[in-house]
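*Asks:* In case it helps, Swiss-Prot gives these features for our protein:
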{"type": "ACT_SITE", "residues": "75", "note": "active site, charge relay system"}
{"type": "ACT_SITE", "residues": "120", "note": "active site, charge relay system"}
{"type": "ACT_SITE", "residues": "213", "note": "active site, charge relay system"}
{"type": "DISULFID", "residues": "19-140", "note": "disulfide bond"}
{"type": "DISULFID", "residues": "60-76", "note": "disulfide bond"}
{"type": "DISULFID", "residues": "154-219", "note": "disulfide bond"}
{"type": "DISULFID", "residues": "186-200", "note": "disulfide bond"}
{"type": "DISULFID", "residues": "209-238", "note": "disulfide bond"}
{"type": "DOMAIN", "residues": "34-261", "note": "domain 'Peptidase S1'"}
{"type": "SIGNAL", "residues": "1-18", "note": "signal peptide"}
């Protein structure tokens with residue numbers, strides 16, 4: 001496994017799984033839509049989380065950012081009785097060896113606004129640390145000063161609806177490659193709903209859809225997959241000609257760091 005570090009300093013690392021470098025490599029063919037997406041290589045988005053209620057109903061996605069913390073959208077409204085499922089690919093299978101984690105604490109961004117959907121970010125501290133392995137490893141977080149240009153191809157993943165009127169969400173994890181838009185371009189579709197706390201992607205025949213909320217939009221930075229957006233909102237009919245809107249991680253990174261440091 002080229003991405004595992006066998007440290008020359010015994011005990012310092014003990015085979016760490018670095019961020020943004022899944023042990024099982026993703027394969028992206030259609031750079032297409034989750035609405036028009038494709039099935040992901042099983043476990044290749046190793047930070048992908050399924051947030052589920054007590055009945056096992058999947059209501060939002062999320063991303064593992066280290067063994068103790070998951071990031072998702074504030075509008076997912078995670079509660080202490082919800083479950084965090086790691087290492088899942090096929091939600092209809094019981095044979096995957098998933099990790100079902102208990103929520104320890106929930107931190108919603110204090111300036112989350114459900115009307116403007118600004119600051120749509122929430123952190124979950126797991127009650128016990130996740131076990132990092134071939135199928136479960138963290139995503140890198142975009143830095144405050146990172147720049148991800150319009151036109152850059154990035155990928156979103158989730159178990160969201162593959163058609164807006166579908167009866168049920170897909171069992172198998174889906175992915176879609178989407179181009180980033182500049183906020184100027186995005187405002188051509190969404191007008192003044194778009195703030196600096198948001199980043200847009202899509203409008204090229206692909207879109208994130210309901211049920212993918214809270215899940216990742218990742219871009220490659222220096223060979224590592226980096227969390228650039230958190231699925232936030234978009235068209236109610238998941239129109240592939242309208243861009244999806246994501247919470248902009250570069251603008252929210254400082255709050256993430258402060259919250260993790262204090263808890």
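From the backbone N, Cα and C atoms, a Cβ is placed for every residue, glycine too.
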*Asks:* Mind looking up the mean pLDDT for the domain 'Peptidase S1' (34-261) in the predicted model?
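*Replies:* Summing pLDDT over the domain 'Peptidase S1' (34-261) and dividing by its length gives 89.
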*Asks:* How many other Cβ atoms sit within 10 Å of the Cβ of residue 60 (disulfide bond)?
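*Replies:* Other Cβ atoms within 10 Å of residue 60 (disulfide bond): 26.
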*Asks:* Suppose we draw a 10 Å sphere around the Cβ of residue 76 (disulfide bond). How many other Cβ atoms does it contain, all chains included?
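*Replies:* If we count other Cβ atoms within 10 Å of residue 76 (disulfide bond), we arrive at 23.
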*Asks:* Take the Cβ of residue 140 (disulfide bond) and count every other Cβ within 10 Å, whichever protein chain it belongs to.
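*Replies:* Total other Cβ atoms inside 10 Å, all chains included: 20.
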*Asks:* For residue 154 (disulfide bond), list the number of other Cβ atoms lying within 10 Å of its Cβ atom.
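*Replies:* The Cβ of residue 154 (disulfide bond) has 24 Cβ neighbours within 10 Å.
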*Asks:* Taking only the Cα atoms, work out how far residue 200 (disulfide bond) lies from residue 120 (active site, charge relay system), in Å, as a whole number.
*Replies:* 14
*Asks:* Per DSSP, residue 154 (disulfide bond) is which: helix, strand or coil?
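*Replies:* Residue 154 (disulfide bond) sits in a strand per DSSP.
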